[in-house]
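Visitor: What follows is a structure written as structure tokens; I'll ask about it next.
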Amino acid sequence: MVMCVRAVLVCVLLELSRAAPHAHINRLALFPDKSAWCEAKNITQIVGHTGCTPRSIQNRACLGQCFSYSVPNTFPQSTESLVHCDSCMPAQTQWEVVTLDCSGSDEAPRVDKLVERILHCSCQSCSKESSQEGALLQLYPHEGAQDLPSLPDATHTHPQHAHMQADQRDADAHLDMHAPEAG
């Protein structure tokens, strides 16, 4: 009985690994009552810098449970490696400049920090790089801070495909290049 279950598992996982370069898995045959989920949850993020007054901004964090599995391999290898890893991570983001008041600092009266705002999250490959297509890059300079778009209310569990965008006016924004601080 155990060998039969293992054989079925190997067959199911082998078919899944052949389906697409990296298909999102919402359910596994061994756990039909469990499903993957990934949501963008509202948070308050504190943006700070040494010598500056920290600012609180509304942002989102990705939270969820996505599937991963690894089936023991053989040597020499008789089948494709049966390893899959998904993680709940941003599917769509935008960048904005947050200006901090540093009136007590000798270096500068203010510092601009580049902050990633999360719009949507989804289960995606653990090996996904942040520069991959699907990221929405919009940089909002501090001069137009009052015109920033608000975060959408709806959350999505599927990847949102967007295009890389950057206006010429964004190139004029001053960015703080120091290592990010906690928070």
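Cβ coordinates are placed from backbone N, Cα and C, and glycine is handled just like the others.
Pulled these from Swiss-Prot:
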| type | residues | note |
| --- | --- | --- |
| DISULFID | Cys38-Cys88 | disulfide bond |
| DISULFID | Cys52-Cys102 | disulfide bond |
| DISULFID | Cys62-Cys121 | disulfide bond |
| DISULFID | Cys66-Cys123 | disulfide bond |
| DISULFID | Cys85-Cys126 | disulfide bond |
| DOMAIN | 38-127 | domain 'CTCK' |
| REGION | 145-170 | region 'Disordered' |
| SIGNAL | 1-19 | signal peptide |
Visitor: Please list the DSSP helix, strand and coil residue counts for the domain 'CTCK' (38-127).
Guide: 0 helix, 59 strand, 31 coil
Visitor: Which of these disulfide-bonded residues has the least crowded Cβ, counting other Cβ atoms within 10 Å: Cys38, Cys62, Cys66, Cys102?
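Guide: Checked Cys38, Cys62, Cys66, Cys102; of these disulfide-bonded residues, fewest Cβ neighbours within 10 Å: Cys102.
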Visitor: Measuring Cα to Cα, tell me the gap between Cys88 (disulfide bond) and Cys66 (disulfide bond) in whole angstrom.
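Guide: Rounded to a whole number, the Cα-Cα distance is 6 Å.
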Visitor: May I ask which residues of the same chain, at least 6 positions away in sequence, place their Cβ under 8 angstroms from the Cβ of Cys126 (disulfide bond)?
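Guide: Spatial neighbours, sequence-distant, of Cys126 (disulfide bond): Ser68, Cys85, Asp86, Ser87.
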Visitor: Are any of Cys38, Cys52, Cys121 (the disulfide-bonded residues) within 10 Å of Cys66 (disulfide bond) when you go C-alpha to C-alpha, and if so which?
Guide: Cys38
Visitor: Test of understanding: give the count of other CB atoms lying within 10 angstroms of the CB of Cys85 (disulfide bond).
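Guide: Around the Cβ of Cys85 (disulfide bond), 14 other Cβ atoms lie within 10 Å.
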Visitor: Do you see any of the disulfide-bonded residues Cys38, Cys52, Cys102 whose C-alpha is within 10 Å of Cys123 (disulfide bond), and which ones?
Guide: Cys38
Visitor: For Cys121 (disulfide bond), which of these disulfide-bonded residues sit within 10 Å, Cα to Cα: Cys38, Cys52, Cys102?
Guide: Cys38
Visitor: Which of the disulfide-bonded residues listed here (Cys52, Cys62, Cys102) have a Cα atom within 10 Å of the Cα of Cys38 (disulfide bond)?
Guide: Cys62
Visitor: Averaged over the domain 'CTCK' (38-127), what pLDDT does the prediction give?
Guide: 91
Visitor: I need the most crowded of these disulfide-bonded residues: Cys88, Cys123. Count other C-beta atoms within 10 angstroms of each C-beta and give me the top one.
Guide: Cys123
